[in-house]
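Novice: Got a structure for you, questions after.
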Amino acid sequence: MATNFLAHEKIWFDKFKYDDAERRFYEQMNGPVAGASRQENGASVILRDIARARENIQKSLAGSSGPGASSGTSGDHGELVVRIASLEVENQSLRGVVQELQQAISKLEARLNVLEKSSPGHRATAPQTQHVSPMRQVEPPAKKPATPAEDDEDDDIDLFGSDNEEEDKEAAQLREERLRQYAEKKAKKPALVAKSSILLDVKPWDDETDMAQLEACVRSIQLDGLVWGASKLVPVGYGIRKLQIQCVVEDDKVGTDLLEEEITKFEEHVQSVDIAAFNKI
């Protein structure tokens, strides 16, 4: 029963042989020998095409004389003729490029020859040697005898520096004078006065307080170094408004405590005084 089943079953028992053959084939194709042969074939492809074209031309010439020439061979010959024509055109263009290169090389050689011929004529001539006469001994000039007038001038030289002492005294006096003038000039300049800008909140007792009268009372305060500025009424609540007034004071003359004391003297109108803002100018 088992043998009958194996007889009817399609099993490929020789598959390993085909696998080995395929592996050897690809190894030969990818090996170094195959690569070298492909390089040689690629290098000589043009020569083989030319040789094949010549053979086909000779065969076509021999076959065209006979009556049994077929139409298929004539088509192949036409393709070969076109291929040969393109190769001839490429060959002519390469020849033209080679000729141009040869002409350029010949021009360069001629230029080099001209430069080599002209270089010896431009060599710098060696400078002529100058004859130097032997050294002669030079005698020093004879000293003239000193005259009495020159002796008197030498006697006038102050060896102890008395003139320098007088010049030092004059320079010290000049320096002191300049310092005194600078001090006087600096004293005449007005000294910088430190000032501050103060924003006051003056609050009344109730909504029945006359705010115009309150502002008049505040502005009636006149102090040295105090300048009143702008003012406005700011609502507080329940119909009550406070007086917000700005002033500029000199820090050395007017202080915030003094301002508060002077404003709170108006007890009938003023309840309290607060400093809302304080900035140095």
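Here the Cβ of each residue, glycine as well, is placed from N, Cα and C on the backbone.
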Novice: Can you dig through Swiss-Prot and tell me which residue of T129, T209 is labelled phosphothreonine?
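Specialist: Matching T129, T209 against Swiss-Prot annotations yields T129.
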Novice: Could you let me know which of K10, K17, K232, K242 shows up in Swiss-Prot as N6-acetyllysine?
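Specialist: Checked Swiss-Prot: the N6-acetyllysine annotation sits on K17.
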Novice: Pick from S37, S64, S93, S220: which does Swiss-Prot describe as phosphoserine?
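Specialist: My reading of Swiss-Prot gives S37.
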Novice: Can you dig through Swiss-Prot and tell me which residue of S65, S118, S162, S272 is labelled phosphoserine?
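Specialist: With Swiss-Prot as the source, phosphoserine is noted for S162.
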Novice: Over the region 'Catalytic (GEF)' (173-281), what is the model's mean pLDDT?
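Specialist: So the average pLDDT across the region 'Catalytic (GEF)' (173-281) works out to 90.
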Novice: For a quick check of packing: other C-beta atoms within 10 Å of the C-beta of K17 (N6-acetyllysine), how many?
Specialist: 9
Novice: Closest to K17 (N6-acetyllysine): which of the modified residues S60, K107, K117, S119, going by Cα position?
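Specialist: Comparing Cα positions, the closest of these modified residues turns out to be S60.
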Novice: If you compare CA-to-CA distances from S86 (phosphoserine) to each of the modified residues S60, K107, S119, which comes out shortest?
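Specialist: Nearest by Cα distance to S86 (phosphoserine): S60.
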Novice: Out of S60, S86, S119, give me whichever of these modified residues has the highest number of other Cβ atoms within 10 Å.
Specialist: S60
Novice: About how far apart, in whole Å, are the alpha carbons (Cα) of K107 (N6-acetyllysine) and K117 (N6-acetyllysine)?
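Specialist: One finds 15 Å between the Cα atoms of these residues.
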